[in-house]
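Some notes on the structure that comes next.
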Amino acid sequence: MANSLCFFSSPPTFCFQSPSKNPKPSHFFSTNDNTSSLVQKRELLQTSRSQSFEVKAANNNPQGTKPNSLVCANCEGEGCVACSQCKGGGVNLIDHFNGQFKAGALCWLCRGKKEVLCGDCNGAGFIGGFLSTFDE
C-alpha cells in the first residue's frame, strides 16, 4: 500500500506518493488537463487517507496536577521533597548553629538523604493523608 502526502490549497493540488511507487509529485486535481477522468480522481480520493490531530490536553494548571485531585501538588504524589537546607545536595552549604554543623559535612536536616518528608501531605503523597489536619 502506497503512502501519500497531499496538500490542499488553491489549484493545482499536489499529491506526493511514497518513493516505492512514484517519487515524483502528481496532480491530484489537474486544472488544465481534460484527459483524466472523474473515475481516476474518485479512486485516488478513496485510497488516500487523511489524518487530523486534535488537542486533548492543555497546560491550564501550572502545578501539574488536576485541581480536584487527591495527589499532593507539592510533592506530586512522591511523599518527599528536596531538602530546603542543602538544596538536594546532601551536604551543608554553610555553617549552622554556631559551627555545630560545618559546611561540607552531612546536612543537618536530611542527614545526607537529600530529601525530607513533604510538609503538605506529611509524607503520604495525597491530600488528607496520614495525620493530616487539612479539611475542606
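Cβ coordinates are placed from backbone N, Cα and C, and glycine is handled just like the others.
In Swiss-Prot this protein carries:
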| type | residues | note |
| --- | --- | --- |
| TRANSIT | 1-56 | transit peptide |
| ZN_FING | 62-133 | zinc finger |
| BINDING | C72, C75, C118, C121 | Zn(2+) 1 binding site |
| BINDING | E78, C80, E115 | Zn(2+) 3 binding site |
| BINDING | C83, C86, C107, C110 | Zn(2+) 2 binding site |
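Swiss-Prot feature annotations superimposed on the structure.
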{"residue": "C75", "record": "Zn(2+) 1 binding site", "Cβ neighbours (10 Å)": "21"}
{"residue": "E78", "record": "Zn(2+) 3 binding site", "Cβ neighbours (10 Å)": "14"}
{"residue": "C80", "record": "Zn(2+) 3 binding site", "Cβ neighbours (10 Å)": "16"}
{"residue": "C83", "record": "Zn(2+) 2 binding site", "Cβ neighbours (10 Å)": "20"}
{"residue": "C86", "record": "Zn(2+) 2 binding site", "Cβ neighbours (10 Å)": "21"}
{"residue": "C107", "record": "Zn(2+) 2 binding site", "Cβ neighbours (10 Å)": "23"}
{"residue": "C110", "record": "Zn(2+) 2 binding site", "Cβ neighbours (10 Å)": "21"}
{"residue": "E115", "record": "Zn(2+) 3 binding site", "Cβ neighbours (10 Å)": "15"}
{"residue": "C118", "record": "Zn(2+) 1 binding site", "Cβ neighbours (10 Å)": "21"}
{"residue": "C121", "record": "Zn(2+) 1 binding site", "Cβ neighbours (10 Å)": "26"}
Cα-Cα distance linking C121 (Zn(2+) 1 binding site) and C110 (Zn(2+) 2 binding site), given in Å to the nearest integer | 18
On the zinc finger (62-133), the mean of the pLDDT values is 79
The rounded CA-CA distance in Å from C86 (Zn(2+) 2 binding site) to C121 (Zn(2+) 1 binding site) is 21
Setting C83, C86, C107, C110 aside, what same-chain residues sit with their Cβ within 8 Å of the center of the Cβ atoms that define the Zn(2+) 2 site, listed in sequence order?
-> S84, Q85, K87, G88, G89, G90, V91, N92, W108, L109, R111, G112, K113, K114, E115, V116
The zinc finger (62-133), counted residue by residue under DSSP: helix, strand, coil | 0 helix, 12 strand, 60 coil
Beyond the site residues E78, C80, E115: chain residues whose C-beta lies within 8 Å of the centroid, for Zn(2+) 3 = C75, G79, V81, A82, V116, L117, C118
Listed binding-site residues C72, C75, E115, C121, filtered to Cα within 10 Å of C83 (Zn(2+) 2 binding site) = E115
